[in-house]
Protein chains: 2
Amino acid sequence: MAKTYIFGHKNPDTDAISSAIIMSDFEAQTGNNEAQAFRLGEVGPETQYALDYFKVEAPELLNDNLADQNVILVDHNEFQQSADTIADATIQHVIDHHRIANFETAAPLYYRAEPVGCTATILYKMYQERGFEIKPEIAGLMISAIISDSLLFKSPTCTEEDVAAAEALKSIANIDLESYGLEMLKAGASTVDKSAEELLSLDAKSFNMGNHVTRIGQVNTVDIDEVFDRHGELETAMLAANNEGNYDLFVLLVTDIINSDSKILVIGDDKDKVGEAFNVTLENGTAFLPGVVSRKKQVVPQITDVLS
Amino acid sequence: MAKTYIFGHKNPDTDAISSAIIMSDFEAQTGNNEAQAFRLGEVGPETQYALDYFKVEAPELLNDNLADQNVILVDHNEFQQSADTIADATIQHVIDHHRIANFETAAPLYYRAEPVGCTATILYKMYQERGFEIKPEIAGLMISAIISDSLLFKSPTCTEEDVAAAEALKSIANIDLESYGLEMLKAGASTVDKSAEELLSLDAKSFNMGNHVTRIGQVNTVDIDEVFDRHGELETAMLAANNEGNYDLFVLLVTDIINSDSKILVIGDDKDKVGEAFNVTLENGTAFLPGVVSRKKQVVPQITDVLS
């Protein structure tokens, strides 16, 4: 049987890494023993906390050319967020919870998307439907992904199905959701030990919006001011990133995971339009956005609207 | 609750019409009573036979502008095969068995694709998973769609899941698959009442192959000779179509749905290469191709190979 490469998006977050590992376990249970999880970037501290807690090794970094290789994508579909050689791969299956765009195949495939808060929630349902065994460490990674994507169930992207999955899994993983979740989020929320460049690339994605390529990075923190103390340093790094990556616009979303608010910093063309998107006027390129925590639901559609 | 528009592709076949009706029944069972099936074109005689047999009314022709309307697509995803205003609609759900291309949404959605022979087979699985009731007429439409897409299970696109679905459904629909299926296919296979131009455009698609644009039409029949009695008339119409459509090559695939063979008629540049593709020598532009029934699997790749 030919190898199957399984991976989440570039700049992997906890859902991207966990869902790749979970899906390779799922594939093994279907009889596909040649399925292997990979990652498209470094493992962040939040994800490392989860992997360490449940004693799971991080997936290998993907270096192979995927031309004519069998591939399963988790937690993404847009080619610009995927492996560089994805267009030449044979995509057999996609499991995702995002919009569909810049995605194309030559042949029919399995595709399962649901508008839930986390890819791991869909994977949980797939295990249930097939009656597959959920081992404690798989349950732990599913919970970690759900808590990460939903910011402990507080994000507007969080659905009843995400909560129900985490509740059903907590006894298998043998953890308390609240205390484990907060420790995990805090592990990923330290910003002082990171360079400005590292903060920008922690969890950044590119989006085609009208004629603009917009880069949107998100930093989780327990102290927004701690990040904005480095305003100038961040602006310089964002300008450099725009030049290097040919982005027209860079939006940095700094999210307070305790109070569930964000402050944005914007650099690039039409940056005032980003203010418009949120009915605010940017001051010094920044604005406070109360209640905003979700890039997918509360940022991307709003900026897409004003730029299209 | 806002209305939900459900429809299959343009030039609807039995799967496109049936799956729209089936999905509106499925939605009603989920509690969505505002879901309505529509069609994007005329109902063909094969589909009409199925609708009459199971006493189901044809869906309404879609005339509404879909801007900001809720939409469910069945049996297609590529926008050029969909409603003209699809790009402005809110696509909530797709159920399909084709490749994914030229498809994009602004927001997350439900998308379920599986590489089976028929959309109705996926719908059957969805009913099973949810424990929904399958009424006799819904079972009948599911079977009709499966038989239509698989040419009574003989097409190489047919999977074990398609066969299993039809077998499981036949007692609910209270029919014999073989005899019902043959009558239904025959109802759609009458060629004497159609002009040569109508036969050519019944089910024709264009393909870029090397430097050639190749047009490939398919006509289902129970009597290949009945079609080839009009050889001269067809050649004249194919020449005119090549001139008008700037096709370099026109291949008409006349498929005997009883014996699962085809005879081709070829007009245009390099027509002898089409013979090469099937290891035969064209006589008078024609060749008999035993066992060939699927354009997608048995014709397009072979001609692409010799022209590229």
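Placement of Cβ uses the backbone N, Cα and C atoms for every residue, glycine included.
Remember, TrEMBL labels are computer predictions, not curated facts.
Because the structure is a prediction, the values reported are computed rather than measured.
Taken from TrEMBL, the feature Mn(2+) 1 binding site applies to A:His9, A:Asp13, A:Asp75. Residue density at A:Asp75 (Mn(2+) 1 binding site): 30 other Cβ atoms are found within 10 A of its Cβ, drawing on all protein chains shown.
Within its own chain, A:His97 (Mn(2+) 2 binding site) has A:Asp75, A:Ala113, A:Glu114, A:Pro115, A:Val116, A:Gly117, A:Cys118, A:Thr119, A:Thr121, A:Ile122 as residues 6 or more apart in sequence whose C-beta sits under 8 angstroms from its own. When secondary structure is read from DSSP and collapsed to three states, A:His97 (Mn(2+) 2 binding site) falls in the coil class. What TrEMBL lists as Mn(2+) 2 binding site is A:Asp15, A:Asp75, A:His97, A:Asp149.
Summarising the annotation, TrEMBL assigns domain 'DHHA2' to A:181-307.
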- prompt: Here are the binding-site residues: A:Asp13, A:Asp15, A:Asp149. Which has the lowest count of other Cβ atoms within 10 Å?
  reply: A:Asp13
Query: Over the domain 'DHHA2' (A:181-307), what does the predicted model average in pLDDT?
result: 93
Message: For the binding-site residues A:His9, A:Asp13, A:Asp15, A:Asp75, A:His97, A:Asp149, return the ones with C-beta distance to chain B below 8 angstroms, or 'none'.
response: A:His97
Field: Same-chain residues at least 6 apart in sequence whose Cβ lies under 8 Å from A:His9 (Mn(2+) 1 binding site)
entry: A:Ala16, A:Leu40, A:Asp75, A:His76, A:Gln81, A:Ser82, A:Lys205
Pairwise CA distance, A:Asp13 (Mn(2+) 1 binding site) versus A:Asp149 (Mn(2+) 2 binding site), rounded so that it is a whole Å: 9
